[in-house]
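Swiss-Prot has this to say about the protein:
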type   : residues : note
REGION : 10-91    : region 'Ubiquitin-like (UBL) domain'
REPEAT : 103-141  : repeat 'WD 1'
REPEAT : 142-184  : repeat 'WD 2'
REPEAT : 191-230  : repeat 'WD 3'
REPEAT : 249-287  : repeat 'WD 4'
REPEAT : 289-328  : repeat 'WD 5'
REPEAT : 334-374  : repeat 'WD 6'
REPEAT : 378-416  : repeat 'WD 7'
Amino acid sequence: MDVDNGEGQVQVHLKTKQEHYAVPDVPYAIDGTVTTAELNTFVNALLLSKGSSAVDFDFLVFDEYLRGRLCDHLREKAISFEDAIEIEYVERFPAPEPQDCLLHDDWVSAVKASGKWILTGCYDNTLNIWTNKGKHILTIPGHTAPIKAVDWISLDDDTGRFVSSSQDQTAMLWQWNVGANTVECVSVCKGHERGVDSVSVSPDGQRFATGSWDTMLKVWSAELEDAGEGTSKRMKESGVRTPKITLQGHRESISAVQWMDASTLLTGSWDHTLKVWDLSLEGIKAEISTNKSIFDASYSKLNHLILTASADKNLRLYDSRTNQGSVVRNTYLGHNAWVQTVMWSTTEEFLFVSGSYDNQNKLWDCRSPKAPLYDLLGHGEKVLDIDWSNPKYIVSGGSDNTVRVFKSRKALVENMDTK
């Protein structure tokens, strides 16, 4: 078999974890030059004999999506052609559909969705609350400089609580009366000496963490009443809140912060490092060195992997569990400018989204490093933040003064079920 020239046949086994799409587990002889299109035709022909309708599939060969000819994929992986090759096929994830464009008065630098609400933060110093159907509910003044990050603390039918951080060197705790549609600033959190670029609420909603241009990581109480011993009566009465913990270790701005669990924090920084912090010990548990400034980072509780967004147009994947944390597991190519923001899906183990200064959002599968699954178009200028906290909606904000809302598979399936 002249495999180097892409000729001849390859013995393959076709496998799927979706049992209703399973085909007979026997060796199939296929041409080495086949692509995803031909494999789709082949598998669908086998399924058609069972009475199934046509389905679009993607194909995984040695844990990576097939994006060209099978022979080229195997040659790149240095895989022998002598033995039967296992090919896994999965139903193709549907393309997210544009749903809404939410117009703001200035750059939208922070977005976070929860339930039927979307919280946004802008460069005009205001917060905004919207429904995920595109209705504007409230504009909230309070900060004195552009807002850089937001996160929900808790949300039910009657009350919403959230936190915002800003270039004005503060974070603010807010309480929203949903029925009356009124918002109160519960506390102004002071302690940083420069702008606060990142904020994240703990899984139990009792604390939140902030990362700043002053290189400090700070942890604060998210409770309505801060009963800490270090809080003076004067500060309580003025609504000022001070940090419970201050952690030093980064050399430049902390651009990303996320809770990995109840006592562990992940931070990413312009100093080219990721750090994992143990709050029970109040110190660094692990460090991952990279070769680029990190603009954003995202940790997945489903697969324990970390993604980073950087200035060199690429996204990178690291394993939080390995002792060789500086080794890049994968690099994802597709953006044409700085990648500003990245986030794992909270429900789909392999999927994540990114936003870039090339004006594009992209939906990825971490097993497809050479190309995204889909480009999510709509922004006319730089994408500044992206969020997939609500599994139904991918939400992004940009310097075109808009928030773009895309319906993901969960919302699309629900829409089909109600028709």
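Including glycine, each Cβ sits where the backbone N, Cα and C put it.
Sorting the repeat 'WD 1' (103-141) by DSSP state (H, G, I as helix; E, B as strand; all else coil) yields 0 helix, 24 strand, 15 coil. Residues of the same chain lying 6 or more positions beyond the ends of the repeat 'WD 6' (334-374) and with a Cβ under 8 Å from any Cβ of it are 58, 60, 63-65, 67, 93, 95-96, 295-303, 305, 307-311, 313-315, 317, 380-389, 391, 394, 396, 398, 400, 404, 406, 410. Within the chain carrying the repeat 'WD 1' (103-141), a Cβ under 8 angstroms from the stretch's Cβ atoms is held by residues 147-152, 155, 160, 162, 164, 166, 168, 174, 176, 181, 183, 384-387, 389-390, 392-393, 395-399, 401-403, 405, all 6 or more beyond its ends. With a cut-off of 8 Å between Cβ atoms, the residues of this chain six or more beyond the repeat 'WD 7' (378-416) that come close are 93-94, 96-115, 118, 120, 130, 132, 134, 149, 152, 337, 340-348, 352-357, 359-361, 363. Regional average pLDDT for the repeat 'WD 6' (334-374) in the model is 97.
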